[in-house]
Amino acid sequence: MELHLALRASPLPAADPGRRPPPPRGNFATNCTAAINSTHISQEKFRSLDSWVEHNMLTFLKPVEKCWQPQDFLPDPSHLSAEELGDAVREIHERAAEIPDEVWVCMVGNMVTEEALPTYQSLISSVLGGTVAGSTPWDRWIRGWSAEENRHGDLLNKYLYLTGRLDMRQVEKTIQYLIGSGMDVGVGNSILCGFIYTCFQEKATFIPHGNTARLAKHHGDTTLAKICGLVAADEKRHAAAYTNLMRKLFEVDPNESMLAFAHVMQARVTMPASRMFDGRDPHLFTHFSDVSQKIGVYTVGDYSEMLDFFLKEWDISAIVDGLSPEGRRVQEYVCGLPEVMRKLAERADDRRKKLVNVGEPRYIPFSWIFNKQVRV
């Protein structure tokens, strides 16, 4: 939340005389959707990438027979006696016993985010205008990507249930609320903005799963660590596919891609699970995010590093040909954002340290862990 407020407050470079001025700062949020919807790549240019997607994006998907499946990491009642099954579940309980409540909050938040996959598939399909049975490379990518992603929430949900550490009815309610609430990520119907947003979110999903894997291993649950690590590896592979796609789109239409990049950065783009609700806590996503920030699962600093990564991957500062005056102006803007974010991260860290040292500690109850309180 703090990050997006800072980005909105960060001004675009001053325009030269005669150039179209930037929208007034006070009206930017109101006019953001209209501005984003104006960043279009032509259908001719977009469809010219069909062959490229076939040979450079679909290759990031794995054949089903070579993919891990959730059952590979769960007790199998069809092959175990009742006593053996009980022993297997007790082993999971024992491994999970030392994991702190704050880590479980992050595990559940990550899993709930994964379980809202129907919303994400609908978002990408609506941006691309695909069909459920289409045969274009784009249609096949959406379905293949979604099929791989589906295993993530499935496995995490089942394993977390078996730990016995969670109020699964509250977790299940949270999932239903989140899918039912939909999502407005602030990218309008722009293909370019949609893909840039997805690049950030795939990488932003990889980071917390990798960090929860590290925490699970530290606290003795090597199986849960492996599960989180496998999910992180999938997310990293998917992020690489979308990153490669945007690199190609910057080649095909550098000006519109640059404008889209700036719009996504300056708009108050929401996180996928920002409408998270458990029927009790109206600020559940904020509280979950606070815990993630506190224990280092996902931080403002991670976001800053992501932006640095994409600026280098897409070689943003080196793009010269094909940019309009407005394109060059927003290029300067996005190249200056990492420094803005670093300063924001430093200020946020300073505030957290002061809060720790001054006044009473702040605790938040989470229904997912039977209303036990977690310090934030």
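Backbone N, Cα and C atoms are what each Cβ position is placed from, and that goes for glycine too.
For the Fe cation 1 site that Swiss-Prot gives as Glu114, Glu149, His152, the extra residue drawn from Glu44, Glu235, Glu251, Glu256 is Glu235.
Of the listed candidates (Glu172, Glu202), Swiss-Prot assigns Glu202 to the same Fe cation 2 site as Glu149, Glu235, His238. Remark: of the binding-site residues His152, His238, the most isolated position is His238 (fewest other Cβ atoms within 10 Å of its Cβ). Note: the Cα of Glu149 (Fe cation 1 binding site) and the Cα of His238 (Fe cation 2 binding site) are spaced 9 Å from each other. In the three-state DSSP scheme, Glu235 (Fe cation 1 binding site) falls into the helix class. Long-range neighbours of Glu235 (Fe cation 1 binding site) (same chain, six or more residues apart, CB within less than 8 Å of its CB): His152, Glu202, Lys203, Thr205, Phe206, His209.
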